[in-house]
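Have a look at the structure that comes next, please.
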Amino acid sequence: MSLAEAKFLLTKYGIEPDASCGQHFLVDDSILDRIARAVSENAEGPIIEIGAGIGNLTSRLCLETRSVLAVELDRRFQPLLDKLAQVNANLSVLYRDILSLPFDTIREHMKLTASAHPYMIVGNVPYYITGKLLSHIMSYPILPTSVIFLLQDEVVRRIVAEPGAHSKLSLGVQFYGTPEVLFEVPRDCFYPKPEVDSALLRIANMHSWNYDESEKRVWQLINIGFSAKRKKLVNNLAGGLAVPAAAVQEAFTKADIDRNIRAQGLSKAQWRSLAQLL
């Protein structure tokens, strides 16, 4: 869909893009085609699209799988998306907030009948809900096999970060899947043009907690560690757990972790080791 076509649709349906809601529509056909190909390579079943908007990606997704569920919060797009559903028998649309949408509703619409039933989630996601959305998806009783999101480039870089630049966001994704940057998308490819560039993120191999250590304990330590990420992790954990610093230092020694390290420097394996030792 070209810029002219997008403007025509928005004018036809009397829609003014709401920048405060992150409404920046992709208007570069070559990028839309690349996203569709990425979805095609990963599609193993039904697709959920978050934030269908003007349907420029939606129409392409309908060609890639037998069933697409588009979730759109803004009802101004309903006449446009309902018309799209009329010409795509495999498309259904829910006008709901994905962050408050019960998984049972998704299960019913997508006909997910078994815990191993594969599906994927795709979307051009508003930047301001990225963290909440990923956390919400990770809480689903049946996780998607993969997620493909178009996000702010800076956020994508944070998600794929390695030890030394970790955050709660990167660990929150990497404990449950394998994130990868597929390609960058310049801001000029959107209307209205955002102030930042974007990138396409794929999170593959998604799974529930499958480690020996307690999920609750690991995340307790991570939350304490990042509560004051500029401070040494030893001091954060000693204070947060109300244990002597010497006990924390001993755990660091046993786990072969530098006592001067800060929270962002630990790997997943090191967080798990500390959960065993503390």
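Positions of Cβ are set from backbone N, Cα and C atoms, glycine also.
Unlike curated records, TrEMBL annotations are generated automatically.
TrEMBL lists His24, Leu26, Gly51, Glu72, Asp97, Asn124 with the feature S-adenosyl-L-methionine binding site. The feature domain 'Ribosomal RNA adenine methylase transferase N-terminal' is assigned by TrEMBL to 31-207.
I'm curious about the neighbourhood of these features; can you describe it?
Mapped onto three states, the DSSP output places Gly51 (S-adenosyl-L-methionine binding site) in coil. Cβ neighbour count for Gly51 (S-adenosyl-L-methionine binding site) (all protein chains, 10 Å cutoff from its Cβ): 26.
Per-residue confidence over the domain 'Ribosomal RNA adenine methylase transferase N-terminal' (31-207) averages 93 (mean pLDDT, predicted model).
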Under DSSP, is Asn124 (S-adenosyl-L-methionine binding site) helix, strand or coil?
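Its secondary structure by DSSP: strand.
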